[in-house]
Amino acid sequence: MARKQNRNSKELGLAPLADDTSHAGPPGPGRALLECDHLRSGLPDGRRRKDWSCSLLVASLAGAFGSSFLYGYNLSVVNAPTPYIKAFYNESWERRHGRPIDPDTLTLLWSVTVSIFAIGGLVGTLMVKMIGKVLGRKHTLLANNGFAISAALLMACSLQAGAFEMLIVGRFIMGIDGGIALSVLPMYLSEISPKEIRGSLGQVTAIFICIGVFTGQLLGLPELLGKESTWPYLFGVIVVPAVVQLLSLPFLPDSPRYLLLEKRNEARAVKAFQTFLGKADVSREVEEVAESRVQRSIRLVSVLELLRAPYVRWQVVTVIVTMACYQLCGLNAIWFYTNSIFGKAGIPPAKIPYVTLSTGGIETLAAIFSGLVIEHLGRRPLLIGGFGLMALFFGTLTVTLTLQDRAPWVPYLSIVGILAIIASFCSGPGGIPFILTGEFFQQSQRPAAFIIAGTVNWLSNFAVGLLFPFIQKSLDTYCFLVFATICMTGAIYLYFVLPETKNRTYAEISQAFSKRNKAYPPEEKIDSAVTDGKTKGRPEQVSSSTLDNYVKNRIVYMDDLTFQET
């Protein structure tokens, strides 16, 4: 009987819950029969289709378009107008000082312009917990558009104002926007999605980063905005995604987990579940809502507390490793060689920007492929396989670059190697680290976890930009062996440590790490004062909420119904 009750409680995740949440009692008999019919006849494919509600799609697309898209766009948008921006720096300097700018000073100013984006990203990451606690996930994303719009106006007006400092400050502010976006957006998507599609929805972040990179490359073509007279408009375009998000996201609710566990607003949380999952699917979140019974008086964990907590030690280490490998795997270094490799392959210099679009296209297609298969293959194969393939192709690229003058067809192999590295990265390592950060931690730990992940991400980004020129100068084409080693090290670590998180609840993922951590979260510790024979040593969960009572009554009622049928 106990085994049967446990099984039916889990099967409740397939039954509709949302149409009647106004009272704590069980639903009517006729309704329960219909729901049990749904339990018996529901097909996995049908459930998967229902998971993708219109509201969920709009929230993910609007959230990503105004957030991760802008991050990707700002990674590539400065490449095409580089000569014109440097000329603008020189003209501004000469107008103020009466002499041309020194080449070393120009190089320094340009390096600051590019790298200050990462500094702003770090600042934005450190602001996440403070802003997110007050505003929540959705309103933090909305407020973040203020940074994007102000940065766009500064950068777009810098030429007209004759002040290159406006461009530098704008890049810094845009970095703040990116730091907040890459922490809050994955959190938001993770918390509004059912576990069956949490990976696919989380991959939207990476897909829109790639689309942003591709858009920056496309708009930077001379036929569009990549001309001397129009390059400021490349930065003005940033306003468009921000405005789209401001006009669409307010009509959607905040994260139901945030509303329930942090704001303790059960009515709004239930409505949020209904909006995102559809009324027939709200009960899919019952298993995750049960977490609220343990975390009713939730207190956000600080970064220092999370780093010290023994029961999440390996989760934290794994997030640090994956985020460090995400930036240190060498993808940014690939762009340094792209133009020269395309040139050696016989592509005319005027055509190289158009051929470079293929790299952005490969990025986008690989990210979309990952989003389509992640719930079938899982996180482990895509992440470990992605790093492993990158190590293999980096080794191949080292050989082809070393021998590229030996035969006319060798540079074409280098092009294939570059595209293969990009595809390997975007099919797994390009997005899954953000998904794992959201999946590894409970509600109270998640903001601190994203601060740690974001800090590692942006510091690693800055380190690559700072150190790669010296590595390249010292090792030349052999520099890619350094990145191959990093990728292989990451793949080996993840092979032995990373559990599969596909289709698992947050509690199940935490349990998967418990043996390795050799410690359990405080709420899982046994308290003999509140245990009895029925709970077998586990703490009895006391709930006073309307939602918990409703779920409890519903489970009992459906168990009785199933018992009568048998």
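Cβ from N, Cα, C; glycine included.
Taken from Swiss-Prot, the feature compositional bias 'Basic and acidic residues' applies to 524-539.
Marked as phosphoserine by Swiss-Prot: Ser9 (among others).
According to DSSP, Ser514 (phosphoserine) sits within a helical segment. Per Swiss-Prot, phosphoserine is recorded for Ser514 (among others).
What Swiss-Prot lists as region 'Disordered' is 1-31 (among others).
Per Swiss-Prot, region 'Disordered' is recorded for 524-543 (among others).
Cβ atoms under 8 Å from those of the topological domain 'Extracellular' (73-107) belong to residues 113-114, 117, 158-159, 162-164, 167, 171, 174, 178, 209, 212-217, 219-221, 226-228, 231, 234-235, 237-238, 241, 335, 353, 360 of the same chain, restricted to positions at least 6 beyond its ends. For 73-107 (among others), the entry in Swiss-Prot reads topological domain 'Extracellular', with the evidence type sequence analysis.
A mean pLDDT of 88 is what the model gives for the topological domain 'Cytoplasmic' (129-140). If you look up Swiss-Prot, you'll see 129-140 (among others) marked as topological domain 'Cytoplasmic'.
If you look up Swiss-Prot, you'll see 162-171 (among others) marked as topological domain 'Extracellular'. For the topological domain 'Extracellular' (162-171), same-chain residues at least 6 beyond its ends with a Cβ under 8 Å from one of its own Cβ atoms are 74, 78, 85, 88-89, 92-93, 95, 109, 112-114, 116-117, 120, 150-155, 235.
Sequence annotations record features per position, and here Swiss-Prot assigns topological domain 'Cytoplasmic' to 193-200 (among others).
Note: the topological domain 'Extracellular' (222-231) comprises 1 helix, 0 strand, 9 coil (DSSP; helix = H, G, I, strand = E, B). Annotation comment: Swiss-Prot describes 222-231 (among others) as topological domain 'Extracellular'.
According to Swiss-Prot, the topological domain 'Cytoplasmic' annotation covers 253-316 (among others), on the basis of sequence analysis.
Summarising the annotation, Swiss-Prot assigns topological domain 'Extracellular' to 338-354 (among others) and lists sequence analysis as the type of evidence. When Cβ-Cβ distances below 8 Å are used as the criterion, the topological domain 'Extracellular' (338-354) is approached by residues 80, 217, 220-222, 226, 401, 404, 408, 411-412, 414-415, 418 of the same chain, each at least six residues removed from its ends.
What Swiss-Prot records for 376-381 (among others) is topological domain 'Cytoplasmic', and it gives sequence analysis as the kind of evidence.
Taken from Swiss-Prot, the feature topological domain 'Extracellular' applies to 403-415 (among others).
Under the heading topological domain 'Cytoplasmic', Swiss-Prot lists 437-451 (among others), citing sequence analysis as support. Secondary structure of the topological domain 'Cytoplasmic' (437-451) per DSSP, as helix, strand and coil residue counts: 10 helix, 0 strand, 5 coil.
According to Swiss-Prot, the topological domain 'Extracellular' annotation covers 473-478 (among others), on the basis of sequence analysis. If one looks beyond the topological domain 'Extracellular' (473-478) by at least 6 residues along the same chain, the residues whose Cβ comes under 8 Å of a Cβ in the stretch are 398, 401-402.
Contact check: the transmembrane segment (201-221) against the transmembrane segment (172-192) gives at least three Cβ pairs closer than 8 Å, residues 6 or more apart, which meets the contact criterion.
Between the transmembrane segment (52-72) and the transmembrane segment (382-402) there are fewer than 3 Cβ pairs closer than 8 Å, counting only pairs 6 or more residues apart in sequence, which means the two stretches are not in contact.
Residues 80-81, 84-85, 87, 159, 237, 353 of the same chain lie 6 or more positions beyond the ends of the topological domain 'Extracellular' (222-231) yet place their CB under 8 Å from a CB of it. Annotation: stretch 317-337 has the most Cβ pairs under 8 Å to the transmembrane segment (479-499), among 141-161, 172-192, 317-337, 355-375, 452-472.
Listed stretches 108-128, 382-402, 452-472 were compared with the transmembrane segment (317-337); the greatest number of C-beta pairs under 8 angstroms is found for 452-472.
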